[in-house]
């Protein structure tokens with residue numbers, strides 16, 4: 001009881017980064033009654049895990065003990081310890097992906113002693129509501145996850161939706177979040193959206209059957225390593241012609257997540273409606289003006305037109321090598 005007690009400390013509780021970046025999650029360990037990092041009688045074991053949304057399960061990220069090092073899953077080859085000093089257990093994550101967002105636990109074990117610290121990794125990005133061609137409330141939870149992935153995004157967390165609501169996101173359709181709950185953000189209370197006499201906030205429908213219940217989904221995306229652009233073409237195009245036009249230009253038809261990221265993070269502004277990969281037609285307005293979303297900056301949704309007969313422009317995305 002009078003011996004040195006192991007303490008694990010994170011100098012910052014939150015770290016901010018973006019997709020494609022590198023980040024260091026801080027973690028150091030000390031002994032309360034000594035000035036040294038370890039007692040020398042036991043090997044130090046450092047374990048990093050990621051906490052899931054229900055906090056009951058943990059995903060292994062990285063383990064180090066002596067010369068042994070092991071990373072797990074999609075963290076393999078992307079994570080290692082900083083080890084700037086003998087008591088530094090900070091984790092470096094390289095080439096950050098959208099799925100890296102979340103809370104991480106640093107655990108240090110020495111003999112019978114252990115302690116932990118938790119660090120949150122936040123990503124700069126944008127939350128957007130999504131429903132498929134079939135219309136609103138047609139996705140179960142698993143389909144919602146796939147729909148976001150198909151649009152260069154991941155299903156959003158509650159914290160991400162809450163931050164988006166604080167930034168002004170107002171959407172009346174309920175959507176899945178990553179913890180399996182169904183919620184929607186309201187900044188302007190009105191009768192069809194919980195009642196005009198209610199306070200603004202994120203409305204919570206609670207948790208629903210992930211297989212049987214059907215809603216929309218809120219997706220989250222971050223910046224991208226590439227160029228998003230409206231293709232200048234002499235004629236308007238059907239959907240298939242739009243796909244081929246982007247390919248001929250050395251690119252691919254853009255995804256919904258990419259138009260939202262370009263709009264929100266890069267200030268992309270274009271008043272021309274264009275095809276996107278899911279068959280929808282949209283256009284991004286950062287500077288509201290007459291005939292171009294006069295009341296608000298937004299990615300305007302035209303709909304899911306007939307792919308074979310309707311003619312529009314197209315938005316393309318060219319990835320950088």
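The backbone N, Cα and C atoms fix where each Cβ goes, glycine too.
The annotation domain 'Ig-like' is assigned in TrEMBL to 4-122.
According to DSSP, the secondary structure content of the domain 'Link' (126-221) in residues is 19 helix, 30 strand, 47 coil. Taken from TrEMBL, the feature domain 'Link' covers 126-221 (among others).
Annotation source TrEMBL lists disulfide bond at 172-193 (among others).
For 226-318 (among others), the entry in TrEMBL reads domain 'Link'.
Per TrEMBL, disulfide bond is recorded for 271-292 (among others). Packing around residue 292 (disulfide bond) is summarised by its Cβ count: 15 other Cβ atoms lie within 10 angstroms of its Cβ, all protein chains included.
With respect to their backbone Cα atoms, residue 193 (disulfide bond) and residue 292 (disulfide bond) stand 26 Å from each other. By the criterion of other Cβ atoms within 10 Å of the residue's own Cβ, the least surrounded of the disulfide-bonded residues 172, 193 is 172.
If you take every residue in the domain 'Link' (126-221) and average the pLDDT, you get 95. Per DSSP, the domain 'Link' (226-318) is made up of 21 helix, 30 strand, 42 coil.
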